Amino acid sequence: MKIGAPREIFEGEARVAMTPDSALQLQKLGHHCVIETGAGMKAGFSDEAYAAAGVEVLPSAAALFEAADIVVKVRGPERAEAERLRRGQTLISFFWPAQNAELLELCKEKGATVVAMDMVPRISRAQKMDALSSMANIAGYRAVIEAGNNFGRFFTGQVTAAGKVPPAKVLVVGAGVAGLAAIGTATSLGAITYAFDVRPEVAEQIESMGAEFVYLEFEEAQDGAATGGYAAPSSPEFREKQLAKFRELAPEMDIVITTALIPGRPAPKLWTEDMVSAMKRGSVIVDLASERGGNCDLTVPDQKIVTPNGVTIVGYTDFPSRMAAQASTLYSTNIRHMLTDLTPKKDGVIHHNMEDDVIRGATVTHDGAITFPPPPPKVAAIAAAKPREKVKELTPEEKRAAEIATFRKQTVSQVAMLAVGTALLLFVGMYAPPSFMAHFIVFALACFVGFQVIWNVSHSLHTPLMAVTNAISGIVILGALLQIGSGNVLVVLLAAISVLIATINIVGGFLVTRRMLAMFQKS
């Protein structure tokens, strides 16, 4: 089948749904790729690059819609684009079906199948197709870069000959994909980073990234997690505590990045006008929720404004498009994974399996019918765990008796082994020469000490332990090499085996050491 990517006609959109690299992968599935001329130009992909990847470049959108069996886009289709769809054709793009009922109806009437990338279920198997997370990751990163562009100081603290520069203080509100990306970027730039989220389970994630989680003093336990990893609306009491905490933090923060969204609702207002007034001159607010009304009272969508007290508020809604090359690469990879699932036999034929949770969840029209909203994903039933028998609590006297019994058992075992070993040594000593006994005793002690040392090493330290054994193996191989010149055939054979085994250990040890050290290198 032919997969076509038209040029995005939404104003300011620079992304493209197919890159030369993704086109090569799609062709391996048996598909033929076409693209409208100039579609990838804003993202840095020329028509020549597509042609070199085996993609047919068509002169117009009309020609592309006519030729393609599957149309891949970034933005949802404009009405003029939807009018070009035909029965049996498949459209894969962001669609937002809940907000575009008329467009959904038009696609149904046209008989086209629409796969909405924003409707991909939030389940583990579908992570490779989760375009929302891919774009949110870019938005969080770009938000910090945009804040730094409008902030008049360093992120990291510095001590210079000209004086001391304090580090910037950054507050990230909302620790979803975009929020975590912003936290990671701000922390890596050296800023003192704080983060807040209504879901208490993300506190550990935030702290593991080097940021400080902002806790609220709230009597009732508030869990703001909803289905799909999103946040749920907060209670009025919790919201008041939340706003009070933000008012307390506002005068201290240099940069505030807000990312809070609730599915199907306008963005919650979390940074009020009085908080903006309390911020220092030169501070920056980046509102990633501006497309849904914004988390800040003063946000103006698609604009950057400066308040009378000198606070810059960035309300851009096209952060991923501002990194068009990277965004196009990630989005086209998400599209490729979706098409891989739609082409299970890799024969260039789409098989739209509506029994598949991911495909069913993302499909909003199919066979002339609207299939939105989808049913909840099927979850495999898990058998209830058998109740464990309660372990009887031992009294101090019973614990003491058990410890004594264990000690006696171990003592008897060790004394018996010692007696047998002593008898064996005496027996061998009666017939063996003194030189042999000296070597044999050293060997026995080495085995005993080595066993005790290795046995008591924690499992987590076995990898560095393998690296250290290179030195021991080096001693073994030297001893074996000295014995290879012996006139005894048996000694030579044993020495050769020793060299082989020690060599394997040395090579393996160096390999493990290399891999262990590579974990600490920044790629």
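A Cβ is built for glycine as well, from the same backbone N, Cα and C atoms used for every other residue.
Listed in Swiss-Prot:
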BINDING   Q127, K128, M129, D130, V177, D197, V198, R199, G229  NAD(+) binding site
TOPO_DOM  1-411  topological domain 'Cytoplasmic'
TOPO_DOM  456-464  topological domain 'Cytoplasmic'
TOPO_DOM  486-489  topological domain 'Periplasmic'
TOPO_DOM  511-523  topological domain 'Cytoplasmic'
TRANSMEM  412-432  transmembrane segment
TRANSMEM  433-455  transmembrane segment
TRANSMEM  465-485  transmembrane segment
TRANSMEM  490-510  transmembrane segment
All-chain count of other Cβ atoms within 10 Å of V198 (NAD(+) binding site): 24
For the topological domain 'Periplasmic' (486-489), sequence-distant contacts whose Cβ falls under 8 Å of one of its Cβ atoms, 6 or more beyond its ends: 495
Intrachain C-beta neighbours of V177 (NAD(+) binding site), sequence separation six or more, cut-off 8 angstroms: L132, S133, A136, N137, G140
C-beta crowding around M129 (NAD(+) binding site), within 10 angstroms: 25
Chain-internal residues near Q127 (NAD(+) binding site), provided their CB is under 8 angstroms and they sit 6+ positions away: S133
